[in-house]
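Participant: Mind looking over this structure? Questions follow.
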Amino acid sequence: MNGQPNVPNVHETATDNNGKPKEYSALYALQLRAFVDAAEDVDVDPDTIEDLLEGLEDGDGEEEVQESDLDEDLDSDSLTLPAHEQHSAIEESGNLDDLEVETEVIERLKQEADEAWSKEDIRKMMHHLKERGMSSFVREYVITQNIPIVKLLFAFGISLCPELRNKQPQTMLYFLRVAMSKVLHLREKLPQYNTVADAVSLIQASKRVVVLTGAGISVSCGIPDFRSHNGLYATLKEQGTYDLDDPQQMFDIHYFRENPAVFYSFASQIYPSNFIPSPCHRFIKAIEDRGKLLRNYTQNIDTLETLTGITRVLQCHGSFATATCIQCRRRIPGTDIEKDIMERRVPFCTVCMQAKREAEEIRQAAFKKKAKKRGRKEWEEGSDEEDEAIPVGVMKPDITFFGEKLADDFENALEDDRNKVDLLIVIGTSLKVSPVSEILSHLPHSVPQILINKTPVRHINPDIVLLGNADDIVQHLCEQLSWELPPPVKKRLEAPVLARPAKRTSGEMMGKTEPIRVAKSHVWLFEGAEGGKWVRDIEEKFSEENSASNSRAMQGRVTNEGPEAKKSRSG
């Protein structure tokens, strides 16, 4: 296809077989930028990126087109525009005088998309994806039915431009995964579940509950969270003791290898021996005790779930339970380095240190023997240099740092659980860390979801949202369920022995008789809720809908009134 040199999105940095500059259409630039941006959210290998950008680099070594050269006004949302809407986006970003050829191409793409699938076909395909997941969708439509990915993308509202249709198979599959990911992240709320009573009924009726937990369930134990305004990252940034580009570097594996002291200066604050499990931990144990827990996926590394006695737990990001030498890969119980952690000291591998000492003894003996023959102390010279050549490994807790892959147990468990789960409860997490944050999009959309958190999680759409202090919320639910929470587990720091208090209502514990419902929505506020503008927007939305409904009702009554009633009301 011939491009137009006056269109801002056309690049001339590569050459064709005749040595003439290639020109890229505005539609190509639009879609290319969208797929490149999507790599931030959808895993992609370097070979796929290389194939995606192939042709944007001159074979003679001339200037390469950088990602930033693509129109910065375009974003990944442009990807899912149908062909005719992509046309509008191009009109806004390109030169309108040169869009005649673009219009012809886009109209042809739109016609092709319209003829590819019926509405019923698309409905069935989307239902399959939402209920059975990406892997099943690919097996059914790509492998079994052998449908070209270009045609499958039409069902997602994506009409690939000609330049992107001849990419490698793995790149085409990446295009499909991007499209599927966008659909899975747009879960629709189940309208039949809205109240606290509904949440109680769901927990009572469920048999295979998945509980996804984060740092919020351990805050009341005294363990700081990471991302709040006074969390671990904020503290690290405020102190400014270490030269970090980002406080999260303390959990970056590459930074740890260079400077493990940063991690160990804070590790004692999150080490489990100092803490007693919270009511949230005990709530999960209560679910398991009643045979309802399918699995507890926890992002926490404090091992308090295990301390509580929960057996069906998967510590997605690892834990302090064991530690491994980064040099010789020897694994030891985490308690072996507990003293170092509590004293904020970097623990070194004892085996590596012993090997170093033995090597040093052998080296010094050799130098002494040599020096004795020559009558001088050459063994003392060069000692420091030789000493540095013998590495000693640092012991790293088996926590999954940024830059490390999660264990295969995570993906295997998720694949196994997705066809069994009948209720998802999310407690105390902002769901900002991938891939654990993707659990919600991988589970069937028909599975009810309950969110228990201090603040809203804006990028998900659960069926019931309970905002406030998580401990208060689960205790309220237990009261409604007539459940007794298991007693707190004692470890090292003994829990004080107190007389058993008289049973109190949730209202007495929280300072209010009942949680507050936000308008007639699915959102409920408990003590400690931090809803802010998000809650106000919901209230305003329902207020507007209520006003519109009352207005329509009034109009209907006026329409149905007889002449005498209208005359009487006007008089």
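A Cβ is built for glycine as well, from the same backbone N, Cα and C atoms used for every other residue.
Per TrEMBL, the features are:
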| type | residues | note |
| --- | --- | --- |
| REGION | 1-21 | region 'Disordered' |
| DOMAIN | 189-484 | domain 'Deacetylase sirtuin-type' |
| ACT_SITE | His317 | active site, proton acceptor |
| BINDING | Cys325, Cys328, Cys349, Cys352 | Zn(2+) binding site |
| REGION | 543-571 | region 'Disordered' |
Participant: Run through Cys325, Cys328, Cys349, Cys352 for me and report the binding-site residues whose CA is within 10 Å of the CA of the residue listed as 'active site, proton acceptor', in sequence order.
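Facilitator: Close binding-site residues: none.
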Participant: Which residue, out of the binding-site residues Cys325, Cys328, Cys349, Cys352, shows the minimum number of other Cβ atoms inside 10 Å of its Cβ in this structure?
Facilitator: Cys328
Participant: Around the recorded Zn(2+) site, report the further residues of that chain (criterion: Cβ within 8 Å of the mean position of the Cβ atoms of Cys325, Cys328, Cys349, Cys352; site residues excluded), sequence-ordered.
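Facilitator: Everything else in range on the chain: Ile326, Gln327, Arg329, Arg330, Phe348, Thr350, Val351, Met353, Val392, Gly393, Met395.
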Participant: Please work out the mean pLDDT for the residues of the domain 'Deacetylase sirtuin-type' (189-484).
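Facilitator: In the predicted model, the domain 'Deacetylase sirtuin-type' (189-484) has a mean pLDDT of 86.
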